[in-house]
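Report on the structure given below.
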């Protein structure tokens, strides 16, 4: 028999006896016919070395594949396009600004300078409520904007992928400024009649990083729930009570830069989707700076001296973004950079710590790890700063600049 099989032997044990010594069961007459004692049978399993080795290999392979993180695939994405009637050329924006800020030409001139240096084009869009004079940012108008943008993005995505609403297992919606009750995620569930056991999450107040935070959350959920689809929706609703009507310059910036839009992304952890997926999620790195007071207040919702609510963009915003970038570089560098770049970075770091702290820090060449860069279109200054710090060419940042020019600063483009 082969060594790789399990040998089974049947051994029969029988007590010794002779015809002259017949066995009689206890309590029975010796004159009854003689009966042989019952046979005792044992089956012994004797594992062979080959069998143990095969079992060990199967066990290790099973543990490895069960503990290995599931692959996450991006099947497709879709961005909603606002109606042409929502476009706001510079001339229209400034004319409305003059009518709204009567008697305060300093605010009007400030907004004009911001627009001229912003990198925005003439085809960016604001919601219908912002076209009125004065603007009418009501809750009803905000809901209308959310439904228009979110539903159009989802409809386009489902048409591209062929996914039905009943196939969605996880739903994540993020919107920083508009957080109604019922939530935006509940609005999506109600519109598309998602299953009652679908996992639904609504994120708010997380600014431009909300898109990546949503991806991070979706990744963690897809590691737990196998064979699932995750729908991630990222948007910013401008028609909200936070639309600023005052004259504080730091709070007028969002009115000049932010524009309307929404994006929907479909993620999957099903192995069969690897064939048709556009991308595979490899790393998600998040650096949290809220423990620092300046970082915590760099984008801050507040009231001005006149009690008007708005979003204050601190002058320290770019410095804080630079610090966050350094932290991210330190975290993601070892994961993606070639060994040569990692060694140069390590030697420079050791030299600054041990010999001279004034040494210029070495910025790794991320062009050796990535072919394309998707920089958040938060404004021309944001793109310029990242291009400088990462030593990127004009070609590397062209996509982000054109996104800013065509659509403006939209939180969703921190995601797609």
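FYI, residue positions are counted from 1 along the chain as it appears here.
Note: Cβ is positioned from N, Cα and C throughout, glycine not excepted.
According to TrEMBL, the transmembrane segment annotation covers 44-65.
Here TrEMBL flags 64-354 as domain 'FAE'.
Under the heading active site, TrEMBL lists 208 (among others).
Sequence annotations record features per position, and here TrEMBL assigns active site to 288 (among others). Counting only residues at least six positions away in the same chain, no Cβ atom sits under 8 Å from the Cβ of residue 288 (active site).
The annotation active site is assigned in TrEMBL to 372 (among others). Long-range neighbours of residue 372 (active site) (same chain, six or more residues apart, CB within less than 8 Å of its CB): 396, 399.
For 376 (among others), the entry in TrEMBL reads active site. For residue 376 (active site), other Cβ atoms within 10 Å of its Cβ number 22.
Per TrEMBL, active site is recorded for 405 (among others). When Cβ atoms from all protein chains are considered, those within 10 Å of residue 405 (active site) total 17, not counting its own.
Annotated active site per TrEMBL: 409 (among others), in sequence order. Over all protein chains present, the Cβ of residue 409 (active site) has 26 other Cβ atoms lying within 10 Å.
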- prompt: When the pLDDT values for the domain 'FAE' (64-354) are averaged, what is the result?
  reply: 90
Task: Would you count the other CB atoms within 10 A of the CB of residue 208 (active site), including those on all shown protein chains?
output: 22
Message: Restricting to the active-site residues 208, 405, 409, which ones have a CA within 10 Å of the CA of residue 376 (active site)?
response: 208, 409
